[in-house]
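The block underneath contains the structure these notes are about, expressed in structure tokens.
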Amino acid sequence: MSEDRLSRSGDGNKILYCSFCGKSQREVRKLIAGPSVFICDECVELCNDIIREELEEKSQSARSSLPKPKEILEVLDQYVIGQQRAKRTLAVAVYNHYKRIESRHKNDDIELAKSNILLVGPTGSGKTLLAETLARLLNVPFTIADATTLTEAGYVGEDVENIIQKLLQKCDYDVEKAQHGIVYIDEIDKISRKSENPSITRDVSGEGVQQALLKLIEGTVASVPPQGGRKHPQQEFLQVDTKNILFICGGAFAGLDKVIQQRCTEAGGIGFGVKVKSSESKRDVGKVLAGVEPEDLIKFGLIPEFVGRLPVVATLDELDESALVKILTEPKNAITKQFKKLFEMENVELEFRQDALSAVARKALKRKTGARGLRTIVELVLLDTMYELPSQEGISKVVVDESVIENKSEPYLIYQTMPAKVASGE
């Protein structure tokens, strides 16, 4: 114990002093002892004030940096083509969610409820991309979970708590950051229960998972092992509060449009002025989905309690040929721009003719994979060229047209010394 922090009074008793401000134990209310040091109650209060001020400054900085709904929509427009209705819904919901978090620091009688989001739309319509773009814009941790791999605790498969463990991994186990992150749960429609009536037998990958997710998405303190899973039961668990984590659930919900049609037919018509015919177009299906009600989701197989915890529902349209062509060329990280960049690294210009773009879009529509299939098609078409190109010299340009996409010819190679089109095999 340091001598300058101790002295003796006339009666022989030791007088203790605060190691920080130097006041004696007689000048303060409380002196707390540590290893070779002491701290008084006044210094503790001062430390608390300093920390509180820093937290308030951070909170004010976060408030000023939170983008407005219009700003969120502008960024989404740069990466996601179409889906204006869904993007506007998401922009408002995300803005309100983070405003709600800020309001919790204020002394207010009104507590704002949490609004998680459900995205309904066909495969490849942009559900995952929307969630990823939002997380990148807001600079918060983001993770994707597959609902089909989840099971109830005690069964083979992933616990729902593993979702939070993945989120922690994304931010190097910074609990505070994770508690303000975004979780996207994909294929949520695949955990619908098998019938509308409550199951008598155990449904560990359907209704059981929905029950397990209830508390997590509503807000609970989840105990998460740093190393994950059930394999290390003796580890010290991290406590993560999920009440401020934004959960976005997405699924294709194939057949949901028929459930909506049936409800509207029984009610004597369909809302939003949509008339459903047997020869209904894909665009009409999108309009039908836009009229989804909680009762439709319950009939589809989601339990009422789960639907109640996803109050914001955004529907996405199936992409047509025109939208797919735009996706190929317009976004900031468009597929054609990425491949052009790759070829540029070899000092070669890559050109996609308009008929080639339309052919790629038609192929993707036939495969029913939406925008997700576009990259695969372009990758296969250019594979041999990308294999040969680094070994060849004198090539200045590669041209792709409709015949190339339809596998009727190879990409056209234009040489610096030979301006005419020459097939790549020659």
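Glycine too: its Cβ is placed from the backbone N, Cα and C atoms.
Sequence annotations record features per position, and here Swiss-Prot assigns domain 'ClpX-type ZB' to 6-59. Residues or ranges marked as Zn(2+) binding site in Swiss-Prot (evidence: sequence analysis): Cys18, Cys21, Cys40, Cys43. As annotated by Swiss-Prot, ATP binding site applies to Pro122, Thr123, Gly124, Ser125, Gly126, Lys127, Thr128, Leu129, with the evidence given as sequence analysis.
Apart from Cys18, Cys21, Cys40, Cys43, the residues listed for Zn(2+), the same chain places the Cβ atoms of Ser19, Phe20, Gly22, Lys23, Val28, Leu31, Phe38, Ile39, Asp41, Glu42, Val44 within 8 Å of the centroid of those Cβ atoms. Cα separation, Cys21 (Zn(2+) binding site) to Lys127 (ATP binding site), rounded: 57 Å. Note: the ATP site is recorded as Pro122, Thr123, Gly124, Ser125, Gly126, Lys127, Thr128, Leu129; in the same chain, Gly121, Gly250, Leu316, Gly370, Ala371, Arg372 also have Cβ atoms within 8 Å of that site's Cβ centroid.
Here the domain 'ClpX-type ZB' (6-59) returns a mean pLDDT of 80 for the predicted model.
With respect to their backbone Cα atoms, Cys18 (Zn(2+) binding site) and Ser125 (ATP binding site) stand 64 Å from each other. Candidate binding-site residues: Thr123, Ser125. Fewest other C-beta atoms within 10 angstroms, Thr123.
Cα separation, Gly124 (ATP binding site) to Cys43 (Zn(2+) binding site), rounded: 58 Å. Neighbour count (other Cβ atoms within 10 Å of the Cβ, all protein chains): 13 for Cys21 (Zn(2+) binding site). Straight-line distance linking the Cα atoms of Ser125 (ATP binding site) and Cys43 (Zn(2+) binding site), rounded to a whole number, equals 58 Å. Thr128 (ATP binding site) and Cys43 (Zn(2+) binding site) have their C-alpha atoms 50 Å apart, to the nearest angstrom.
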